[in-house]
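> Swiss-Prot feature annotations, pasted as is:
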type	residues	note
BINDING	33, 34, 35, 36, 89, 90, 91, 92, 102, 103, 104, 105, 129	substrate binding site
ACT_SITE	111	active site, proton acceptor
């Protein structure tokens, strides 16, 4: 069955399957958004059905909520959950200090609030998401609709004084209309190429009037579960500095995940 999956899909699947093993009955779990997080939700759903795993999920988007319901995971709001034991989510990039760029799926605001409300954040990613320096992937920022062009101009002005290699920006579109987040906001993607000081950039962007949140996740991620195309998985923990490797086994029943796409 594994030959039916591309190497990148194998990597996404194995890291999601390994991360799903971190979840225990009784936990309140933040469920991320994106293609890798979708594999995670499916893996958890399989454990709910096959093992009787009893968890409560807090989804970070309407898309994730729909998928969680589909696979049999009970979901509640973050306000109802109050505090989460664990959040598992993907990342568009991560560096050696576990700083992240997230928001390629447009859910960065909910993702950051949910992650900040968790005792532990686990990032699942294929090996291609690991970088020496953040910035090759466009950095998304969520902005309110009011004064959109003004906010965009203020962001561009702010980038002039930032330690970045590129300063292009673009409004994210959905067909011929601006993309709309679950909160009714828009996304501006910053094409920075290289971010010299991610912490300073994150703080500065959030001071721009009209900017709600940015896709830099600093000092939030505790563990990275990294998947490889050959089935290898690495679990890296920043708190104790450990790296554990293993190889996940593909079973014939794993083809129930093959309908997921990027």
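Using N, Cα and C of the backbone, Cβ positions are placed for all residues, glycine too.
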> Using all protein chains shown, find which of the binding-site residues 33, 35 scores highest when you count other CB atoms within 10 A of its CB.
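Max Cβ neighbours within 10 Å, all protein chains included: 33.
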> I want to check the contact list for residue 102 (substrate binding site): same chain, sequence separation of six or more, C-beta distance under 8 angstroms. What comes out?
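Listed in sequence order, they are 89, 90, 91, 92, 108, 111, 112, 215, 217.
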> Under DSSP, is residue 89 (substrate binding site) part of a helix or a strand, or is it coil?
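Its secondary structure by DSSP: strand.
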> When you average the Cβ positions of 33, 34, 35, 36, 89, 90, 91, 92, 102, 103, 104, 105, 129 for the substrate site, which other residues in that chain have a Cβ within 8 Å of that mean position?
32, 37, 111
> At a 10 Å cut-off from the C-beta of residue 89 (substrate binding site), count the other C-beta atoms across all protein chains.
32
> I want to verify one value. Collapsing DSSP to three states, which class is the residue listed as 'active site, proton acceptor'?
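Note: the residue listed as 'active site, proton acceptor' is helical by DSSP.
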> For residue 104 (substrate binding site), just count the other CB atoms lying within 10 A of its CB, please.
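Looking across every protein chain shown, the total is 22.
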> Give the sequence-ordered list of residues that share a chain with residue 129 (substrate binding site), lie 6 or more positions from it, and have CB atoms under 8 Å from its CB.
90, 91, 92, 93, 94
> Quick one: among the recorded positions 91, 111, which has the most Cβ atoms sitting within 10 Å of its own Cβ?
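Neighbour-count leader: 111.
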> Return the maximum Cα to Cα distance in Å (whole number) over the record's substrate-binding residues: 33, 34, 35, 36, 89, 90, 91, 92, 102, 103, 104, 105, 129.
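Max span of the substrate binding residues, Cα based, is 16 Å.
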